[in-house]
Structures are given as C-alpha cells and as structure tokens.
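This report concerns only the one structure given below.
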Ligand code: SF4
Ligand code: SF4
C-alpha cells in the first residue's frame with residue numbers, strides 16, 4: 001500500500017488519463033480533414049497512394065458521427081469530474097461503493113423494517129404462533145444459524161440441539177433472545193490436575209455416567225468417583241443437575257453436547273471445554289433477533 | 001512544372017437529405033402488410049390477459065418471464081440463447097435465399113420509417129412539396145407544418161416507448177400511472193429513452209442507421225452468393241438508356257430504360273440501382289414497384305428492375321431455373337441447422353418439468369448417530385414451484401436399504417414459490433458402507449404425477 005500513499009503514482013495516473021483524453025481530441029481533430037494535392041476526376045481520393053497507382057477512395061463518414069466522438073470525450077471529462085477515476089480525486093458527487101451499499105441496506109430496512117417492528121411489539125409466544133413470522137424466522141435461521149446448529153436445528157458435536165427441552169442457559173423465550181442477542185461463552189475448566197490421577201478421572205467419569213443412569217457406568221469405579229465429584233459440585237450441583245444461571249450442563253440426563261461415552265467425558269474433565277455462541281444483536285438488530293428467537297423457541301414448543 | 005494546388009479533404013461530411021417518393025405496387029403493399037402485422041403484435045400483445053395476469057410480461061423484479069402459458073425462470077435462460085440461435089440461423093437462411101428481405105420489409109427501422117414517412121406525406125405532401133418546403137425560408141406555414149409533423153412523430157414515439165415499457169411493467173398499471181404521470185424513475189427513463197430512439201431513428205436518422213450503424217448490413221454479404229435473390233436492374237435490356245421515344249415506348253437510344261429516374265426518387269437510401277448491387281441497397285423493392293408502373297405506362301413488359309440473381313442476370317436463366325438453384329448446399333445446410341435447433345428447443349420445452357429442486361447437504365455435520373445406531377444426514381431442499389398453481393409434494397428418498405425420512409415427507413408450496421425445506425434422512429445401523437453413499441431424493445406432486453424431479457445426493461455414514 002505504501003506505493004499508493006506516495007503521491008507520485010497518483011500524479012502519474014492523473015497525467016496519463018488527462019493526456020489520453022487530450023490525445024483522443026487532438027487525433028480526432030487532426031484526422032477529420034487535411035490537405036492533399038488537387039485531383040481531377042469525378043471521385044475524390046484521400047491522397048494516399050501505394051504501389052505507384054493504388055489510391056484510397058474517400059467515402060466520408062457522416063458528420064454527426066464525428067460529433068458523437070467529440071461527445072464521448074465530453075462525457076469522459078464530465079464523468080471524471082463527477083465520479084472517482086482521476087487518480088485519488090474523489091469526484092464531485094462523492095460516490096463510492098460503500099455508500100451505495102449502505103443506501104441499499106437502508107432501503108431494505110425501510111421496506112421490511114415496519115414488518116419486523118410490528119413483530120417486535122408482540123410477545124415472543126405470539127410471534128411464534130404467527131405463520132408468516134415462522135416462515136421469516138426459518139429463513140433467518142437457515143441463513144445465520146444452520147452452519148453450526150444444522151438446517152434442522154438438531155445441532156452437532158459441540159453445538160447444542162435446539163429442538164429438545166434441554167437448555168444450557170434456559171429455554172424461556174426471553175432467555176433464548178438474550179442468548180442470540182448477546183451470545184454465550186461456556187467454559188468448563190480443565191479439572192485433570194485438581195482431580196488427581198488418571199484413575200481418579202476415570203472414576204469420576206463413571207460416577208457422572210451413573211448420574212444419568214447409563215448402563216455403561218461401572219458401579220465400583222462410580223463409587224470411588226463419587227467422593228472426587230465434590231470438585232464439580234460448585235458448578236454442576238450436588239446431584240449433577242447443572243445450573244442454568246451459569247450455563248453448567250445437567251449431567252443427570254441423556255443429552256451430551258460432546259458425546260456420552262466414558263472416553264469423551266474423561267477428555268472433557270481432563271482438558272476442559274471452551275464454547276462460544278457469537279452475539280448477533282449488533283449484526284442482525286433486535287427486531288430480527290426477536291423473530292428468530294420466536295422461531296427457535298417454537299422448535300421445542302407446541303405453538304398451535 | 002507547377003506544384004498542384006492543394007485541396008482540403010474532409011473525412012466527415014454533412015448528411016444529404018433524402019426525400020423518397022411514395023412507391024405504389026405489389027411490394028409496397030407487402031411492406032404495409034408487414035407494418036400492420038408487426039405493429040398489431042407489438043402494440044397489441046401487452047394488452048392481452050392470460051390466467052388473470054398479463055399474457056406477455058417480462059417481470060424483471062421477480063425475474064420471471066411470462067409468455068402465455070409458459071413461465072420462464074432465470075434457470076431457463078438457456079431458452080433465450082436458443083431463441084437467439086434460431087434467429088441467427090433464420091437470418092442466414094433467409095439472406096442466402098432472398099437477400100435483405102428482412103431489411104426491406106420487417107426490420108423495425110424500416111417499419112417505423114415507413115410509418116413516419118406516411119405521417120410526413122400526410123402533413124407536408126408528396127416528394128416535390130416536401131423538397132420545396134425544405135428550400136423555403138422561414139414562414140408561418142412552414143413552421144406550423146413542421147410543428148405538426150414533429151408533434152405527430154412525438155406521439156407515435158411516446159406510444160411506442162410506453163408500449164415497450166409495458167412489456168416489463170404491467171401495462172394497465174402503467175396506463176393508470178400515465179394519467180397522473182406517476183411513473184417510477186426507471187419507467188420514466190425507458191419510456192423517454194425508447195421514445196427518443198424511435199423518434200430519432202425513424203424521423204431523423206433513417207437510412208443512416210442502415211448505412212453506418214447496422215451491423216447486419218456489414219456482414220450480410222458473407223451469406224450472399226451468385227444465386228441469392230437481389231433487386232437488380234437488367235442492364236442488358238435497359239441500356240443504352242435515354243429519353244422515351246413517342247412511338248415505341250423504348251428510349252431514343254433503343255434500350256428499355258427511359259431515364260425517368262423514378263427508381264432513384266423512390267429509393268429510401270438514395271442510391272441508383274442502375275449502377276449495380278450496392279451495399280446501401282436494403283432490398284425494399286420500391287424501385288421495382290416504381291419501374292414497373294413506368295413500364296406499364298410506356299406499354300413495355302415489366303421487370304426491367306426485378307428480383308433476380310447475379311448468375312441469372314449473367315446467363316439469362318429462367319425464373320424456374322432460379323427457383324431450382326435455390327436448393328443449393330449452402331441453403332440446405334442452413335435449413336438443416338435451423339430445423340435441428342428448432343426441434344431440440346421444442347422437445348426440451350415440451351419435456352420441461354415446471355418444478356425444480358436442489359439437494360444441498362448440510363456441511364456442518366458429517367453424519368450423526370441417533371438412538372439404536374441409526375445414521376442421520378441433514379439436507380436442505382431448495383424447491384421451486386415454477387407453476388402458477390399451489391401444489392402439495394411428497395418427498396421420497398431411496399438408494400440405501402431402509403432409508404427413510406425422519407422429518408415430514410410432504411410439503412406444500414404456493415404458486416411460483418421458492419422455499420428451502422430442511423429434511424433429515426435416516427438409515428438403519430449397518431446400511432451402506434462407511435463414507436459416502438449415492439442416494440436419490442425425489443419430489444412428486446400429489447395431484448399430478450408428471451410433476452416429478454429426482455436429484456442425486458450423498459449420504460455419509462461416519463466411520
Ligand atoms: S435500390 Fe431499390 S431495393 Fe435497393 S434500397 Fe433503393 S429502392 Fe430499395
Ligand atoms: S424507373 Fe425504370 S425506366 Fe425509370 S429510370 Fe429507373 S430503370 Fe429507367
């Protein structure tokens with residue numbers, strides 16, 4: 001970029017452009033008429049002679065055509081005056097593509113804004129029951145959310161399923177809206193060092209499995225793990241039921257964000273997990289998020 | 001020896017005004033027939049109604065082209081290319097056989113010039129009167145005639161611009177808007193632009209368009225050969241020309257051409273056909289009409305200027321021989337090419353299903369294991385109902401044993417609706433090999449089994 005902050009190249013382009021335009025005008029003027037030796041005979045020639053006697057007939061172009069050439073030159077000058085094109089000169093109209101993009105956005109907002117605004121005034125559950133809002137919400141979801149949560153909203157490893165009743169931060173419509181507006185940051189600290197040996201980690205993992213009544217849980221290991229689980233209780237609670245206020249998952253159900261095998265749980269305990277749901281409030285604006293939240297809520301709730 | 005006196009050569013010169021005399025005859029009538037037919041179609045079509053909407057409408061905002069029962073979507077743009085190819089072949093064929101008949105009879109430039117000339121004749125009078133008026137100094141009479149002419153031209157031009165925009169904006173809405181002049185900015189632009197183009201081209205530029213601007217005039221000669229029908233002057237019969245001798249009807253010099261210059265006066269491009277074939281000649285046959293009526297008057301056989309071919313003129317072929325020579329390889333190849341494209345386009349239009357679908361696999365997840373070890377893949381079906389009626393469709397997936405839809409298998413789309421429908425496909429544990437498996441997704445309208453599309457997709461079984 002430093003090439004372009006230096007004024008030399010700017011001048012270079014300006015000079016080239018101006019010379020080019022002037023050159024066209026000079027060429028046009030100099031070529032529109034010229035003097036040749038006088039001929040006799042019925043048809044005029046241009047006076048060009050090749051191979052001794054080969055001459056070029058002059059069949060003149062219409063004059064309006066010449067004026068069109070001059071007009072294009074005038075047009076070019078006017079264009080360079082009004083629009084950017086002459087080096088770094090911004091043009092009298094101050095046009096640029098960023099402004100045009102913003103204008104387009106503003107136009108779209110003014111067109112669809114009232115519709116979104118209407119829904120924003122309504123209760124989220126009422127919006128969820130509105131078929132048109134549902135269709136809009138679905139489109140918004142497919143555009144902005146499906147990359148992580150899947151087109152069917154059932155999530156992926158590490159990305160929550162939005163169609164069940166299991167919520168990390170709570171499934172009330174207002175909570176969902178909070179989540180989309182501000183994003184969430186879910187951190188499970190690495191507990192490996194705190195718990196002790198590999199054996200201890202395995203025992204805790206089996207205890208955790210036993211909380212959800214999994215058949216894969218080894219009863220002996222689980223008993224040993226129970227005492228160590230006290231390190232986890234601060235977040236996940238005594239019975240491992242989780243805490244939505246801090247986004248700690250419920251460990252006593254069969255829903256697992258990363259997988260419910262002993263190995264996966266051990267890995268989670270050992271290394272921790274770090275999850276981010278980005279904030280969409282600034283990007284989409286509240287009224288769109290409102291419709292989107294209603295749609296997401298409706299995925300796990302009867303609205304009819 | 002003296003140096004010759006220098007002389008100024010101009011590479012551009014002012015246009016010389018042409019005042020074509022009105023030609024009457026077979027070809028003039030034919031041209032008027034073409035004017036009526038093309039303009040009835042052009043001015044009339046946008047007013048027709050079909051299915052409760054404008055029958056012919058190129059709706060750019062929703063990107064749908066309506067042609068009576070046919071609705072073309074952006075995906076059908078191949079048909080536009082096909083249409084252009086057909087037009088090109090047709091032009092090749094017609095040009096090879098009959099020269100510039102398109103130019104002389106059906107080209108919009110010719111048609112509008114004919115209409116504008118008619119107005120000019122009605123207001124300013126015949127050729128001689130028009131020439132006299134042009135020479136006259138300013139006077140009230142001249143001013144009022146000129147004003148009337150330009151007003152009339154302007155009205156036709158505006159109506160043409162209005163009709164043109166009516167192909168893109170529903171013309172009845174446009175008509176209502178025109179009472180209050182409430183056009184949108186683009187409607188204003190195009191109505192005025194098209195009106196100005198009509199006014200300028202047919203009123204002012206006329207033959208200049210054919211001579212200097214039209215690309216077809218520049219390359220049509222490559223489709224000409226010695227057997228192409230052209231408007232020609234029969235020099236063998238006509239020369240030597242001269243004033244008419246009273247008794248014979250021939251010229252005093254013995255040729256048939258009595259040098260009345262009627263053929264030059266009617267020519268819209270201002271050339272003398274007696275100098276032979278020239279690139280300016282648009283093949284309008286006005287000179288044929290003119291000369292024939294002259295020949296009638298002097299009681300000579302018609303056809304001193306006539307449609308003939310270069311070869312026929314040189315060898316004196318009969319009309320029948322000319323017709324036989326029309327079936328030459330060049331013509332047969334053009335015909336075959338044309339037929340091929342027409343058949344291909346027609347059959348593809350007939351076989352076209354007014355329903356489109358794309359199957360897009362979710363990229364976020366490979367394949368997900370659910371209860372009992374079954375595998376689920378998520379897809380988004382991009383469905384376009386390109387008919388104008390609502391339909392209910394059934395989705396069927398096949399290709400793996402036990403492959404079923406885990407989501408609803410029916411979906412309803414309104415007329416001309418486009419929708420993304422997320423679906424989940426589920427295959428039982430053990431179906432298919434690890435990795436990707438070819439499957440198909442089929443969509444069928446419940447009320448019309450002919451409305452069916454089938455797309456292939458990939459089902460991924462995680463290792
Ligand atoms: S020469 Fe005859 S056919 Fe050719 S443009 Fe003139 S009038 Fe028409
Ligand atoms: S109209 Fe016929 S007769 Fe008259 S000048 Fe032309 S060719 Fe000759």
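Quick reminder: no glycine exception, Cβ is built from N, Cα and C everywhere.
Feature annotations, reproduced from TrEMBL:
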TRANSMEM  A:9-29  transmembrane segment
TRANSMEM  A:64-83  transmembrane segment
DOMAIN    A:132-212  domain 'Cytochrome c'
BINDING   A:145, A:148, A:149, A:277  heme c 1 binding site
BINDING   A:188, A:232, A:235, A:236  heme c 2 binding site
DOMAIN    A:215-300  domain 'Cytochrome c'
Residue counts (helix, strand, coil, in that order) that DSSP gives for the domain 'Cytochrome c' (A:215-300): 45 helix, 7 strand, 34 coil
Inter-residue Cα distance where the pair is residue A:235 (heme c 2 binding site) and residue A:145 (heme c 1 binding site), in Å: 28
Chain B neighbours, restricted to the binding-site residues A:148, A:188, A:232, A:235, A:277, by C-beta under 8 angstroms: A:148
By Cα-Cα distance, the member of binding-site residues A:188, A:232, A:236 nearest residue A:277 (heme c 1 binding site): A:188
Non-site residues, in chain order, whose CB comes within 8 A of the mean position of the CB atoms of A:145, A:148, A:149, A:277 at heme c 1: A:146, A:147, A:155, A:159, A:160, A:162
Alpha-carbon spacing, residue A:149 (heme c 1 binding site) to residue A:232 (heme c 2 binding site), which is rounded to whole Å: 28
Cα separation, residue A:148 (heme c 1 binding site) to residue A:232 (heme c 2 binding site) (Å, whole number): 28
Sparsest-packed among the binding-site residues, when each Cβ's other Cβ atoms within 10 Å are tallied, from A:188, A:232, A:235, A:277: A:235
Neighbour count (Cβ, 10 Å) for residue A:145 (heme c 1 binding site): 21
Rounded to the nearest Å - Cα separation of residue A:236 (heme c 2 binding site) and residue A:148 (heme c 1 binding site): 25
C-beta crowding around residue A:148 (heme c 1 binding site), within 10 angstroms: 15
Check: same-chain CB within 8 A of heme c 2 site center, minus A:188, A:232, A:235, A:236: A:191, A:233, A:234, A:242, A:248, A:249, A:251
Helix-strand-coil residue split for the domain 'Cytochrome c' (A:132-212), DSSP-based: 45 helix, 7 strand, 29 coil
All-chain count of other Cβ atoms within 10 Å of residue A:149 (heme c 1 binding site): 24
Among the heme c 2-binding set A:188, A:232, A:235, A:236, as the record gives it, the longest Cα-Cα distance in Å: 10
Max pairwise CA distance, angstrom, over record-listed heme c 1 binders A:145, A:148, A:149, A:277: 11
